[in-house]
């Protein structure tokens, strides 16, 4: 079978014009694999086998997290997708699996590449049996298993049988059993035919359908249906959102490989399923606030609602400022008094131990106080130090586990950088305060608590006035965003802050993002119009 358009013109010598650009390979024959017994071996023990609608067996549909891209940033050996055999590979089977306790059988997989004649490169698709780890797989090891090597210019779908190799009679839905895995890796890097210019990004999709021997076992008694909340983000422009480390409006979005790419902020930390981490509060009114009782020397911290703070249960009370590398200037109000007084807090001495529930404020008297961070200045100790808002203060213990600090985050994807939301922090210098998520996103996620059903959420940053997609972003379950900077520009990239982040779909963590500024237009009316 010619991997070229059938209506392409022929040259003088009779060769197909498209065939001169597209490699001639034969993908009509399926990958040679010995057949594996399907549901027949489970009939004797299951007592019942429930056949599937023929339409589902005869039609390929896109697998959840079945989108992938190949870009010039990828290198040979990079994993493009890693999928395991199971009902979750097909949306219809995933829906039906909720009605049964077990499943058994093989599946058929088609890989479709949206390549072109201007970019060349090869991928290798391997079927990895259970028991072999796919995380540290090399290209050489991948060729040991049933595999197919295809050019990204291939026009016809690549069909691969995914056999149910197992050491049990059938699989239980409530057990995490190892199954056959389909792993796709970059075999040779992308390159252009002319030798100059950047290669195009090649997109691909994974389509699946069950084999005729795929069946479900053991019907589950019906229960009251519970509606699952879909994952969403606030439909608000970035210019109307607030910083989650200080009560300040967002002034810009920081996209630059020059920024710090591993941070451990304790405020502004929330997982995509709504779990608060560190000292993050739900409400903006609790951000960068302190409450406690002073004896004239130290302030014994309490929670903002007045309940006692229990040392060793967290790094500090909820909402406690997490700005390190600076001195704090806090406007304090004593309960029972109408006046407000500003006190200075040095975050470097040994008396600063919020993990143990106490800090020291210069010149404060006895009483019950509540305060909010007003502005910052360079740290008093050591003398001559500069403000560094990428750091967090020393909470009073060098043992991370003892203080229950929120873990550090870093960009896990190929060529990705962390996305920071910046605000102008008051002080004697031009200080940009970064945070990982706007506070309104944290309130929304904590309220919705929508389950994460993928390894990353694909987001589009859309201009609500024009509908143009300004860039692709990924939101990871730990609660941070990443993107791929445009290599054509140097230094930090600036995007307008009137855009809206829109959830598109769940994707694999291997999904390769398009560089910022190269995405296509978005569809539909999204965001608020101003």
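Placement of Cβ uses the backbone N, Cα and C atoms for every residue, glycine included.
Note that the structure is a prediction, hence the values are computed from the model and not measured.
Pulled from Swiss-Prot, these are the features on record:
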type	residues	note
REGION	1-20	region 'Disordered'
REGION	1-225	region 'Shell domain'
REGION	226-530	region 'Protruding domain'
REGION	226-278	region 'P1 sub-domain 1'
REGION	279-405	region 'P2 sub-domain'
REGION	406-530	region 'P1 sub-domain 2'
Determine how many residues of the region 'P2 sub-domain' (279-405) DSSP places in helix, in strand and in coil.
10 helix, 41 strand, 76 coil
Secondary structure tally of the region 'P1 sub-domain 2' (406-530) (DSSP, helix then strand then coil):
10 helix, 42 strand, 73 coil
Per DSSP, what is the residue tally for the region 'P1 sub-domain 1' (226-278) in helix, strand and coil?
3 helix, 9 strand, 41 coil
Arithmetic mean of per-residue pLDDT over the region 'Protruding domain' (226-530):
88
